[in-house]
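What Swiss-Prot records for D204 is active site, nucleophile, and it gives similarity to another entry as the kind of evidence. Swiss-Prot lists E241 with the feature active site, proton donor. Taken from Swiss-Prot, the feature Ca(2+) binding site covers N116, R165, D174, H208, and the record attributes it to similarity to another entry. Marked as chloride binding site by Swiss-Prot on the basis of similarity to another entry: R202, N304, R343. Among the features that Swiss-Prot reports, signal peptide is placed at 1-18.
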Amino acid sequence: MFLAKSIVCLALLAVANAQFNTNYASGRSGMVHLFEWKWDDIAAECENFLGPYGYAGVQVSPVNENAVKDSRPWWERYQPISYKLVTRSGNEEQFASMVRRCNNVGVRIYVDVVFNHMAADGGTYGTGGSTASPSSKSYPGVPFSSLDFNPTCAISNYNDANQVRNCELVGLRDLNQGNSYVQEKIVEFLNHLIDLGVAGFRVDAAKHMWPADLGVIYGSLKNLNTDHGFESGAKAYIVQEVIDMGGEAISKSEYTGLGAITEFRHSDSIGKAFRGKNQLQYLVNWGVSWGFAASDRSLVFVDNHDNQRGHGAGGADVLTYKVPKQYKMASAFMLAHPFGTPRVMSSFSFTDTDQGPPTTDGQNIASPSFNSDNSCSGGWVCEHRWKQIYNMVGFRNAVGSDAIQNWWDNGSNQIAFSRGSKGFVAFNNDNYDLNSSVQTGLPAGTYCDVISGSKSGSSCTGKTVTVGSDGRANISIGSSEDDGVLAIHVNAKL
C-alpha cells in the first residue's frame, strides 16, 4: 500500500514538474510575442525568419472568438464571446495550418488564453458571428448562462483576495472556475488547442482566479500531441499572468507551484537599470535576490503588450521600442543572462494606447512588409527582426547553459561578463566611453561583434574583437555609438 502511494505521489510530481518545461526544440531559445499578427503571416515568419534565426517559440494573440468593438482596439481580443477559433487573425483551419508549419521548422506555439471572464456589456456580436447578452450573462456560443458566473461586483480593493478573484475586472463578466461545467468547457477549449499541436499557454488574468481551480483545470489537460514532434508524456508549458509588485493580498508564490508566472518585477527592474535610475554594476546578482520568482518559474521580458502602453505594472520605467538604444541594451542583457525564460516583444507602432493593429480597411489586419535589412514597415515594429535582438537569440543558443563568469564593472554603468568560455558581452550606459582590457573567457582569435554586425563567411559586417591567448581583449564602446552593447560568441569567430 505504501509503495502504491509512493508511485502515485511520484507520478503526480512528474506531472507537476512537466508544466515548467518549455517544450522547446533542442538548441533553440527565446520566445517572441507576435502581437496581433495573422495566422498565415506567423506561419510564413516561422519558416522564413524565426526558424532560420534560432527562435524557439511564438506567443500568439487570443485565438477564440471575441467581441467586435468600435474602432477595433487591441483589447477586444480579451473580450471572449465563445471558444470558436475565429478572430481577425484567422479561422481554425488557418490556425491549425500555422501550428503545423511552425512545429515543422522547430518553432513552438503558445496561446494567450482568456478564461477568467467573458465580454463586458456592449460586447454583443462576435468575430465568428455569435451573439451574446453580457448584461444578462448569456453567451450561447459556448453556451454559458448566468448560472456559470460569479455575482456582479467590482474590484476596488487589491488587498482583498476574495474581491480580486470573485468580482469583475473592469466590467468583464467573471466566470466561476469552481463550477464543474465551467471547468469542463475551459478544459475542452484548451485540449482542442493541444490536439492542434500547441506547446503551451499564457493564462490571462490568472491572478483573478483561485489557484485551486486552476490546478483542477491544468490537471485535466491532455499530454501534448506527439504527431507534432513532442515527446510522449509531454505536458503544456503554462505561464500565468500574475502581476505581483508586492504589497497586495495576492502573491505570485500562490501560483508558482502550478506553472511559471509573468515576472513583471524583471520588466520594472531592467527598465530602471537601463534608464539610468539604478547603476548597472548592481546587476551582478540579477535573479531571485531581486525579488523574482525562481528561474524556471519566471517568464521574463523587457516590456509586454500591456505595460508598453502604461497598463499593468512598471509605469514610466518600462522600456519600449520608442527608446531604441536602451531597449536594445536591456534586451541584449536579458538574452545574454541565464535567468528565466525570455520573451521578446514584437509590437505594432501606436500613438493611442487603445489603437489596434494596422489594417487594410479599418477592419482587416494588414500583413507586415519587410525591408532588405530584415526590418518591418507598414506600421509594424518587429523588434524581433532588429539585428541587435535576433543576433542575441543566436548568442543565447551558442552559450547554452554555461554559467556567468568573469564579471567586470567600473563601479558604475559599464559592465561585462562571459558565459563560460562560449560567449562574452559588454555594456556601456555611462555618458563617457568604455575603453578597457577585459577578461572574455573565450579562446584566442578574432570575433565578430553580433550587435554592430553579423558574421558573413570569414568576414564581419560590424566591429571585430581580438581575444589574446590569455583570454583578454580590448573592449571599446563609445558613449555616442548607436548601440551601447557589444557581444561575441564562439559561433561568431572569424
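The backbone N, Cα and C atoms fix where each Cβ goes, glycine too.
Not measured: the values here are computed from a predicted model.
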### Task
Enter the number of other CB atoms within 10 angstroms of the CB of N116 (Ca(2+) binding site).
25
#### Entry: Tertiary neighbours of R343 (chloride binding site) (same chain, Cβ under 8 Å, six or more apart)
G30, M31, V32, H33, Q59, L299, V300, F301, N304
#### Entry: Diameter of the chloride binding set by C-alpha atoms, the set being R202, N304, R343, in angstrom
12
#### Entry: Candidates R202, D204, E241 (recorded positions) - the one closest to N116 (Ca(2+) binding site) by CA
D204
### Query
How far is it from R165 (Ca(2+) binding site) to the residue listed as 'active site, nucleophile', counting Cα to Cα, in Å?
13
### Query
So what sits near D174 (Ca(2+) binding site) in its own chain, CB-to-CB under 8 Å and at least six residues off in sequence?
N116, H117, F149, N150, N166, C167, E168, H208
### Task
Return the residue, from the listed binding-site residues R165, R202, H208, with the maximum count of other C-beta atoms within 10 angstroms of its C-beta.
R202
### Length of the line joining the Cα atoms of D204 (active site, nucleophile) and E241 (active site, proton donor), in Å
5
### Message
For a quick check of packing: other C-beta atoms within 10 Å of the C-beta of the residue listed as 'active site, proton donor', how many?
### Response
22
### Task
Using a 10 Å cut-off, grab the number of neighbouring Cβ atoms around the Cβ of N304 (chloride binding site), all chains included.
25
### Per DSSP, three-state class assigned to R202 (chloride binding site)
strand
### Integer Cα-Cα distance in angstrom, R202 (chloride binding site) to E241 (active site, proton donor)
7
### Task
Around the recorded Ca(2+) site, report the further residues of that chain (criterion: Cβ within 8 Å of the mean position of the Cβ atoms of N116, R165, D174, H208; site residues excluded), sequence-ordered.
H117, N150, V164, N166, C167, E168, L169, L175, Q177, A205, K207, M209
